[in-house]
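J.: Quick one: the structure is below, and I'll ask about it shortly.
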């Protein structure tokens with residue numbers, strides 16, 4: 001910096017009034033070019049090459065900091081008082097205030113956007129500090145290059161939020177979603193989901209939930225700066241909502257719109273799932289557990305039970321990590337990132353729902369449960385529950401005991417005693433609800449008897465709505481499914497001692513009750529993805545009922561047999577199973593769902609075999625290790641031979657169950673042969689299509705049976 005830039009004169013060109021004071025200042029060494037601010041900071045004072053020729057140049061440091069650049073040949077305005085300054089204690093006090101403000105600005109390091117770096121403090125009794133009035137140096141012009149800003153590195157939370165928001169649909173896609181009409185069924189399902197975690201979880205609590213258009217709240221992101229787990233929660237709720245409305249587009253054959261919705265749904269789930277998998281510390285909260293539960297629900301609706309099981313296990317581990325199980329037991333407050341969650345999620349109810357989902361999925365796919373304890377069903381815990389909630393919790397206890405029995409190796413007699421104990425528990429749970437509660441709700445469009453409604457009041461059953469009917473059906477389906485699972489291992493046992501007759505009769509009755517309610521449920525919700533697991537329940541009940549009728553014929557004799565009563569019920573049972581098959585095939589045709597198609601194909605083949613046995617055919621069942629067709633070890637299928645004589649059902653890690661027709665002519669109707677070819681073609685292209693449900697079903701069926709029992713099992717048609 002040139003010394004020429006440091007001449008100090010007044011406005012009229014005369015020497016400054018401060019010349020007298022200048023003699024008392026320390027003399028500046030010759031050649032000194034640094035400014036006061038750089039000297040004070042003990043940094044090098046430099047000028048850019050373009051600024052060297054300017055008369056009022058500002059050094060690089062002051063330009064970057066936005067401070068006044070004053071050479072050392074001039075007095076430092078921070079230490080020297082102007083001649084016009086007010087004398088006395090007040091001036092000193094104001095000077096200290098100015099110095100404090102400037103110090104705070106320097107400590108902050110940056111000046112807020114839109115605020116000039118040249119601050120003018122207009123304090124009473126203090127002269128206006130305008131840096132344009134300081135001779136020798138002027139503030140940087142407005143067009144000068146902005147100073148380099150030093151941004152703090154992006155935090156993990158900010159990075160996660162940015163990635164999640166990027167997966168949110170754009171305004172055009174949001175308009176498309178809003179334009180799709182929402183059926184009453186979908187609206188009711190959203191109300192059920194919104195009220196699922198607040199006690200007492202009665203039917204009235206679902207009905208009191210807001211019935212507004214569900215997409216209004218779903219299609220709204222949390223406010224900026226929200227925790228990323230809240231954004232992930234919104235993405236998963238959006239994906240589940242799109243799961244519900246997509247079938248209506250598929251039915252209307254709106255393929256282009258359906259593809260757009262599928263892309264939105266896939267991106268939302270992928271982003272949320274990646275976040276939940278990678279950011280364990282950000283997920284460790286009540287809201288994070290809810291996100292994992294929503295991910296499990298999404299996979300359950302997509303009939304991907306194994307992924308659903310994995311997600312619910314991660315939710316339970318995260319819940320234990322933050323102490324949710326202790327919060328449920330001792331009332332300890334678990335971690336929440338959003339205060340609003342305290343009014344929408346009850347920790348104790350959430351913990352029970354996690355255990356309930358884990359046991360349901362473990363039963364369906366034949367895997368062990370995560371926890372065997374039942375703290376949610378202690379006498380103290382049940383005191384505050386409604387009868388409906390008590391029934392749900394005791395049914396969950398029964399499911400846990402069934403899983404314990406299936407995983408144990410206590411011998412046949414002890415297992416049978418355990419089975420009867422669990423059966424008594426299920427009898428107790430059914431008695432908690434009024435008798436009229438167990439009636440099958442009317443199908444949509446069927447007028448209800450007014451007298452029935454009046455009588456319902458006497459049993460504390462309110463006039464029903466679609467919401468309460470749906471919830472009642474779900475609870476009834478779960479109860480009868482537990483009865484089927486409980487007694488299924490004894491279906492193919494030899495009946496010489498008649499000790500298994502009770503189990504066989506119970507399976508027939510429970511399967512019949514379940515299928516009747518499945519038909520009503522699918523009439524209410526024909527295509528919605530909500531609780532697609534009921535299709536698996538129908539598959540298990542239909543297969544069990546088919547085998548029960550075939551088993552009754554195997555033991556038919558001239559003397560009275562306890563299973564002979566099924567002969568009079570076969571026609572109605574057959575009609576019910578055909579209705580179930582129609583509804584499953586309708587879902588498969590509209591949604592093009594591979595798993596539902598597989599279920600419908602196997603059900604049709606089981607009905608063919610049952611009809612063939614009723615017409616006089618004889619079938620034998622046997623098992624063997626490995627596959628008969630040399631296929632891959634991880635394939636699960638049930639192909640029927642082209643001739644329609646043999647049904648090979650391969651169970652991974654167990655072997656092949658072979659149901660073979662014998663003793664009758666090998667000719668089969670042409671329609672049967674066509675169905676057989678369809679099944680064989682479908683089985684070639686689908687691996688693990690039934691998610692292990694078929695494996696769990698047949699594993700329960702043959703559990704505890706010796707190979708001679710299986711080899712001796714034959715199903716003749718009659719005497």
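Using the three backbone atoms N, Cα and C, a Cβ is placed for every residue, glycine included.
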J.: According to TrEMBL, region 'Disordered' applies to one of these ranges: 399-420, 421-442, 443-464. Which one is it?
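T.: Of 399-420, 421-442, 443-464, TrEMBL gives region 'Disordered' for 443-464.
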J.: What range among 61-110, 111-160 does TrEMBL describe as region 'Disordered'?
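T.: Feature region 'Disordered' in TrEMBL: residues 111-160.
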J.: When the pLDDT values for the domain 'Zn(2)-C6 fungal-type' (34-69) are averaged, what is the result?
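T.: A mean pLDDT of 78 is what the predicted model shows over the domain 'Zn(2)-C6 fungal-type' (34-69).
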J.: Using DSSP, break the domain 'Zn(2)-C6 fungal-type' (34-69) down into helix, strand and coil residues and give each count.
T.: 12 helix, 1 strand, 23 coil
